[in-house]
């Protein structure tokens, strides 16, 4: 409730405005729209480049520093470990040691399983959790991210590579193409960081990623049915879509399933799911789901060994090659037809891996309230994959499940990745022979339990509530992966994301404004039904920059608003529309096509005896309006700072024309 004094003040203000309107003058507080000072072409170009590529001012730390200090800062920028290691202490190492041992127990069984998704021998998964994490620990800026192979990238790589080479008939060529793709994935990631093009990965929307990840999780789980059910049929489909996989599964139901394998897989899958439930229910027991996969591997391997279940048809891992990563520099294709194929696959895999890693890094950085440099992350990811491709690794990135365990285990720095790498290399040197009797069913169960978390139903529901078009993108990516293939699902995700951008650019929102009672504020009449329209005046707001892609639409939409209002005026016997005010504060920019569209709008309005009035154009827009002489065409006296000033100008004009 307003006080009597407030009401008297408002009444006085309204009387003052009316008195000025009757004399045909604007209120004394009205200001003209300011014209910014002219910028020369070089400064304008420099500002644009800076805001596009250097918005975070990466060189701000070098200001007012000595040359020696600048050299030190440059080295630390490339190798952040040199910066934070100065304050490293025993307390931090204790947290990193526990976290590193915990994620190592999770990563070893996962790596063996994920390498099968990529159609590579088990040791290559372990190799990828040895060298890349060491490189990242030196160059990365995230304290929490855990590096290694991940399910989605392994599946994507395996699918794309197998489309080019049959991994069963030509395993050596397949492996060489995998290293080539990993090399170019690293080059792509590093190039994005060096040239500060990280914003490109933001074109893949969150909704599309949610759908793609969910579809990939279903596909990965379906692919594990072969190992989970003990199917040995050589005719089992190599396709990833749900129809082909289920057809192969049920086609082999009478003669291809092995009940001992199913018993092992189902028992340990239940154990893994219960462990995961315990970890979710009580955060203190985060270590339960973390060590459950390793416990499952140990118990199932021991069980198969003492019962010799492998003689009863239970498929086992058999031999995992012992020893650390051999060099693979001479196996990368640097010429020939496979060079181009490796490049294409590497770019796709590198972008998906980078998208996942940056999202994970940002999530945990926010939770701990510190900043990560996206471009440095890209360079670090690129470097670790380039080096990895030369040391028998395939594409590695940040793993969400391992990073979550790393975070909850109390990691302090990237040293947890170093601890994990040491455990993995010890495993490669001494323990791999013990995995000989590990059943493939347990690896399938571990992968199924891991990918279930990628299906984010809550996120999909939230997307539906917030934006229906985003939900279409989400479902398009999901069904594309599940019913066609991983690459088609990815293509759909990217296409719908771009389609949304194009739709928003080509079809910007416009709104009719009305006056909020007892104020000088003008707002969207749909959002504020109590807002009243000014008789004889139509106020339209354009909520976007006006470019060649949408200029015609903006002009036509404004004219449609005008026609709609004129029809209402005729039906209600109201004052005919005499003024069109375009509120331009949301219009951040305008190009030549936009100016031409406004010139055509001006001519159309002139034929109808309607005056065009502009309100609050921004600095870039007003500069271009004057440069094109459109401001002179409309009249400088018809460009106002606020909608209220524009309405004050129109009111006396209508009073003079009113008979």
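Think of each number as a place in line: the chain as shown, counted from 1.
Cβ atoms here come from the backbone N, Cα and C positions, even for glycine.
Here the structure is a predicted model, which means the values were calculated and not measured.
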Candidate ranges 91-108, 109-126, 127-144, 145-162 [criterion: TrEMBL lists as transmembrane segment]: 145-162
Among ranges 30-50, 51-71, 324-344, 345-365, whichever one TrEMBL labels transmembrane segment: 345-365
From 230-250, 377-397, the residue range that TrEMBL assigns the feature transmembrane segment: 377-397
Which range of 398-416, 417-435 is transmembrane segment, per TrEMBL: 417-435
Proximity of the transmembrane segment (174-195) to the transmembrane segment (377-397), 3+ C-beta pairs under 8 angstroms: yes
Composition by DSSP (helix, strand, coil) of residues within the domain 'STAS' (527-650): 63 helix, 21 strand, 40 coil
Contacting positions for the transmembrane segment (345-365) when only residues 6+ beyond its ends and CB under 8 Å are counted: 141-145, 150, 152-153, 156-157, 160-161, 164, 177, 180-189, 192, 198, 201, 204, 209, 371-372, 374, 377-378, 381-382, 385, 395-400, 403, 407, 487, 490
Model confidence over the domain 'STAS' (527-650) (mean pLDDT, whole number): 92
Beyond the flanks of the transmembrane segment (377-397) by 6 or more, those residues with Cβ under 8 Å of it: 78, 115, 118, 120, 124, 127-133, 135-136, 139-142, 147-150, 153-154, 157, 178-183, 185-194, 198, 325-329, 332, 346, 349-350, 353-354, 356-358, 361
Within-chain partners of the transmembrane segment (257-278) [C-beta distance under 8 Å, separation at least 6 from its ends]: 227-232, 285, 288-289, 292-293, 296, 299-300, 303-304, 309, 312-315, 439-442, 444-446, 448-449, 452-453
